[in-house]
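Chemist: Handing you this structure, nothing more for now.
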Amino acid sequence: MNQTFSSGFLLLGFASIKNYSICLFFIVLLIYLLTLSGNMLIILVVHFHIYLQTPMYFFITNLSYLEMWYISTTVPKLLFILLTNDKRVSFQWCFAQLYMFHGLGMTECALLAVMSFDRFMAICNPLRYTAIMNERRCRSLALLCWSYGFLAATIPLVFTIKVPFCGLRHIDHYFCDLAPLLSLACISTSIINTINSCVIGFATMFNFVFIVVMYINILFSIVQMKTNSGRSKAFSTCSSHITVVMLFYSTAFTVYASPQGTHSVEHDKMLAIVYAMCTPLLNPVIYSLRNKDVKLAIIRVIKMRFINQHHHHH
């Protein structure tokens, strides 16, 4: 199927495993539906349970909204390509996807940092915690994360959108990402690559270092705690957050902050699956299954539904 046309790009996706595209379609669809329902469940459970309306859960709901958007920037198009084999995307579409993807990615960096600050306040300054992390401050911190993410993402967008593309415009990836796009440029993109790596590298590194500092403080606090129950409770809330952080940062950092040409396209594609599909899927699982309050709330919601249906039938 020869698709050549003047405007836009072709997203090659997983051309190397073309024979399995239907199989892949169902796997990706399953991941997508599980991600949406898992994150939606957390949002609803937090919304309907007054005792979950704490700063920690406020940020977890923000993260759940973000993950639903995040996976929706790449997956629906991938599903369409796998099903129809129509790989064409317009310029506008491609750059909108690039912007959304990086905006949400950098927002997630900031959100994870704010969440570690929230845990730090709760564990290291428990007496001042409610005064400092009041509703207004939580809202403004969340707003700061979202606006920072989407402002920072304009930098790679502005630099990439001005680049002239030529030749066969085949993007060897399953979404419009920086490196695959810039490899199609007619001009040398070394300066742009450096700028992009600096912006994204700084976003990830700064937030990552911040998180590490918060957790070093938290660890010292936990070690000094008198009771075992307090220690294990503090540790369980943090361990789930650390898991998400490690998963997200390690994969994102490998792809965006390491110099171009040090790893293959296939390698980048596989890593992209981890932070673009697996992190959104695992976040709700990690946060809720490691968490007694959420588990109880989910069970309560299911019981309520069951009892209501029972009453209707009678």
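Cβ atoms here come from the backbone N, Cα and C positions, even for glycine.
Remember, predicted model here, so these are calculated numbers, not experimental data.
Just lifted these from TrEMBL, have a look:
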type     : residues : note
DOMAIN   : 38-287   : domain 'G-protein coupled receptors family 1 profile'
TRANSMEM : 21-48    : transmembrane segment
TRANSMEM : 68-86    : transmembrane segment
TRANSMEM : 98-121   : transmembrane segment
TRANSMEM : 141-161  : transmembrane segment
TRANSMEM : 199-222  : transmembrane segment
TRANSMEM : 234-258  : transmembrane segment
TRANSMEM : 270-289  : transmembrane segment
Chemist: To the transmembrane segment (68-86), which of 21-48, 141-161, 199-222, 234-258, 270-289 is linked by the most Cβ pairs under 8 Å?
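Modeler: Looking only at 21-48, 141-161, 199-222, 234-258, 270-289, the most contacts with the transmembrane segment (68-86) come from 21-48.
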Chemist: Cβ under 8 Å, sequence separation of at least 6 from the ends of the transmembrane segment (199-222): give me the contacting residues as numbers and ranges.
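Modeler: Here the qualifying positions are 102, 106, 109-110, 112-113, 116-117, 119-120, 123-124, 152, 155-156, 231, 234-235, 238, 242, 245, 249, 252-253, 256-257.
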Chemist: What same-chain residues lie close to the transmembrane segment (141-161): Cβ under 8 Å, and 6 or more beyond its ends?
Modeler: 58-59, 62, 95, 98-99, 102-111, 114, 117, 178, 181-182, 192, 195-196, 199-200, 203
